[in-house]
């Protein structure tokens, strides 16, 4: 490799060239750590490395003592794992029990860099390390009704900052879709020249034309996932501009827009994500019932829900009074009355997601349909969870529920989504633009199932007669509690803390948090290691009891210990307990905003 990259054949390479070479070799590195090792390997202090020095540098950067000793435990000659030795490792440590020989062959083919070793069906120490760094993708059954899935959902998707003065941008939609989001929100108001605009009403947020939002949706909706997108429409437009909304949706989205049920019949249950692949569904108010759309127009007045259009708008009006002059002045009473009416063409675009007011679980059971949906503010949802947890779980087994943040969260902060998932709420809408634990949990839950934005709920949450209540774990049918033991072994090339002084080295500690039903909420941490972000070793064991493992998320957080002030965040990774495999694993850390920071990782034994 060194000779290949030594362009001018003088047998030396400077740091820039070495960085380029490592990229060619597909070796990730953190620049600070690499520079420090480069200087240590440059024994002649010439600012360049010669062949031998480069080999030293490469070994220092990539060698992992703890992985090597594990490798040697199973390798008779300490240089390679034969097929049978690899099978032993997979069975004893990784607890793989079926088809281990085929799996071992597959792993050698996939991860062994040396062709000769591959031909001999053996795994070198390099190949072993690459295998231990791999990611797994699992696929779930996608043929169940939509209400049986958690669905990645965003609130006020057009905002990329706060809710009052923040900027509205198409970028908000692109970012959310790329992150796997499947339910987007759009607030529409009358704009100039008959063009509806998208922004947060009664505030100073900037505006974007509705047409641009729909064009962005058409272009990006199915780049990350093939499964259906829900467009949650908050409609504040006059009749004329509602007609424009409907026309733009049809013209721009064409075939992608769902305008009738999948078989032309009235559904007795919701269709599945599989049946609605590559479709965009509108969620909003509707005149009359679904059969009227299929049979021809009705003369019934729209069921104007107290949902987003009501409750969220009401909260905005209350805030508008607090907001001082110039707030909330854009709606005269006459216009407000006009806006309560709904254009038939827009109503006809709403098929499987008709907004209805929530008037209690009994009322919903006797009068509501699977194709209807209620939206609840976080506080109302919390009260229902407290008072009638089991009924809430049952309700969510046959109908969709959307939860949205309190209007008081003007800074775009987020509520804890876990307690909403604990009762099976499918559309738990978060402010995707705000980094923090809540979005980490959201990314963690939806990192499973190929990041397609849909995650199948556990069986006891898909049964309309279920006895499950998250506040009483014994109500879950199934085996008793599970013990999760995590040995935190080491860290690799952890990044420096943002805005830290030059030459500052971190004192890292690891905290493992369990997010799940109330009894399972817990966290434990390791001690901190002084001045070592390159290869800290903790070798500490943490243990947790999980009563409802199916709902648990495990969050690994690395912090820089500070005895005088709050610890600084270094990186984190969250994953569903269901997705954790026993054995030796690498946890690849993410930065505060959820992007990866290769090659930073934790090495753990589970």
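The backbone N, Cα and C atoms fix where each Cβ goes, glycine too.
Residues or ranges marked as domain 'EF-hand' in TrEMBL: 1-28 (among others). Residues 34-35, 38, 46-51, 54-55, 57-58, 61-62, 493, 598-599 of the same chain lie 6+ residues outside the domain 'EF-hand' (1-28) yet bring a C-beta within less than 8 angstroms of a C-beta in it.
Summarising the annotation, TrEMBL assigns domain 'EF-hand' to 29-64 (among others). Regional average pLDDT for the domain 'EF-hand' (29-64) in the model is 85.
What TrEMBL records for 44 is O-linked glycosylation site. Residue density at residue 44 (O-linked glycosylation site): 10 other Cβ atoms are found within 10 A of its Cβ, drawing on all protein chains shown.
Close to residue 155 (active site) in the fold, though at least 6 residues off in sequence, lie 185, 404, 405, 429, 430, 431, 432, each with a CB less than 8 Å from its CB. The active site annotation in TrEMBL covers 155 (among others).
TrEMBL lists 156, 185, 187, 234 with the feature Ca(2+) 3 binding site. Cβ contacts within 10 Å of residue 185 (Ca(2+) 3 binding site), excluding its own Cβ and spanning all protein chains shown: 26.
Annotation comment: TrEMBL describes 200 (among others) as active site.
According to TrEMBL, the region 'Disordered' annotation covers 289-332.
Under the heading compositional bias 'Acidic residues', TrEMBL lists 293-314.
Residues or ranges marked as domain 'PI-PLC Y-box' by TrEMBL: 346-462.
Here TrEMBL flags 462-591 as domain 'C2'.
Under the heading Ca(2+) 5 binding site, TrEMBL lists 560, 561, 562. All chains included, 20 other C-beta atoms sit within 10 angstroms of the C-beta of residue 560 (Ca(2+) 5 binding site).
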Surrounding CB atoms that lie within 10 Å of the CB of residue 561 (Ca(2+) 5 binding site), all protein chains: 15
Structural state census, the domain 'EF-hand' (1-28) (DSSP three-state): 14 helix, 3 strand, 11 coil
Pairwise Cα distance for residue 561 (Ca(2+) 5 binding site)/residue 156 (Ca(2+) 3 binding site) [Å, integer]: 36
